[in-house]
Amino acid sequence: MVAPAGEQGRSSTALSDNPFDAKAWRLVDGFDDLTDITYHRHVDDATVRVAFNRPEVRNAFRPHTVDELYRVLDHARMSPDVGVVLLTGNGPSPKDGGWAFCSGGDQRIRGRSGYQYASGDTADTVDVARAGRLHILEVQRLIRFMPKVVICLVNGWAAGGGHSLHVVCDLTLASREYARFKQTDADVGSFDGGYGSAYLARQVGQKFAREIFFLGRTYTAEQMHQMGAVNAVAEHAELETVGLQWAAEINAKSPQAQRMLKFAFNLLDDGLVGQQLFAGEATRLAYMTDEAVEGRDAFLQKRPPDWSPFPRYF
């Protein structure tokens, strides 16, 4: 849902305190056709920046936005030289100088079957031949399951479906001045019964999670930090600089260990799917051992394997 323009998140010095430093980034090749998302790679580090690019509507998403978001995140997932994804929103709004990470689904094109493809921004431009979508949930799962650390940089509004996206990210850094958190689902007859609510309760506890959803109040970055849903609060102009510092520290560590750690943290809440992801990475580790090589080679050479050099650890 688009947050009210008159509420906090507006900046009178929006351009001068923009946390995006163009000199630190280059556009990723092959994505020149993006309209609702921007996709950059850091000039030095193994970090990419993915940003919502509809600041005039508080970075609300439509189906086309989600298509592009999934496409770039999946590209980052499959890029072996990428370790960290920074997920944020471009701004400020050209209308009023307001800032937003993402304010959720664009209610103007929400139909009975979900958010609908449209040639414009109003109900009369909807393509009735195409079914509505709720595939922002697929993006949530992609963020959750991708073997990269995803850091959400909340530089303004995180509302509705945007609030749920911040929740599902591995880490969240927020702008001291402009970050505002608001779960608007119940205001518009919607609800996130998955990660957006259940995982939020893991972060802040059941009581605070229910407060956030049932009351739909607006919270500052400091309040969410105190609750446990935000890792750190930064000055707005320094938000992406701090995000890059965190990313550099993460990228300085073992890629395999970071993957195993992410899936280990997810395992308890993700059930059999979480077990499969963790086990898959464990299998990859096993393939790297001499013991696994012996098993493969013995099969290909049609001989009994010789396990004698390999200890049975306890």
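Our numbering is plain: 1 for the first residue shown, then up by one each step along the chain.
For all residues, glycine too, the Cβ spot is worked out from N, Cα and C.
In the three-state DSSP assignment, the secondary structure recorded for Arg58 (substrate binding site) is coil. Over all protein chains present, the Cβ of Arg58 (substrate binding site) has 29 other Cβ atoms lying within 10 Å. Under the heading substrate binding site, Swiss-Prot lists Arg58, Lys95, 103-107, Tyr115, 157-161, Thr184, Ser190, Tyr287, Lys302.
Positions annotated as site 'Important for catalysis' by Swiss-Prot: Tyr115 (among others).
Sequence annotations record features per position, and here Swiss-Prot assigns site 'Important for catalysis' to Asp185 (among others). The number of other Cβ atoms within 10 Å of the Cβ belonging to Asp185 (site 'Important for catalysis'), over all protein chains shown, comes to 23.
Neighbours of Tyr287 (substrate binding site), defined as other CB atoms within 10 A of its CB across all chains, total 12. The site 'Important for catalysis' annotation in Swiss-Prot covers Tyr287 (among others) and is backed by similarity to another entry.
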> From the Cα of Asp185 (site 'Important for catalysis') across to the Cα of Gly161 (substrate binding site), what is the distance in angstrom?
Replying inline: 8
> Per 10 Å Cβ neighbour count, which of the binding-site residues Gly104, Gly161 ranks highest?
Replying inline: Gly104
> Just how many other Cβ atoms lie inside 10 Å of the Cβ on Ala158 (substrate binding site)?
Replying inline: 35
>> Return only the integer: C-alpha distance in Å from Tyr287 (substrate binding site) to Asp185 (site 'Important for catalysis').
In response: 45
> Which state, by DSSP, holds Ala158 (substrate binding site): helix, strand or coil?
Replying inline: strand
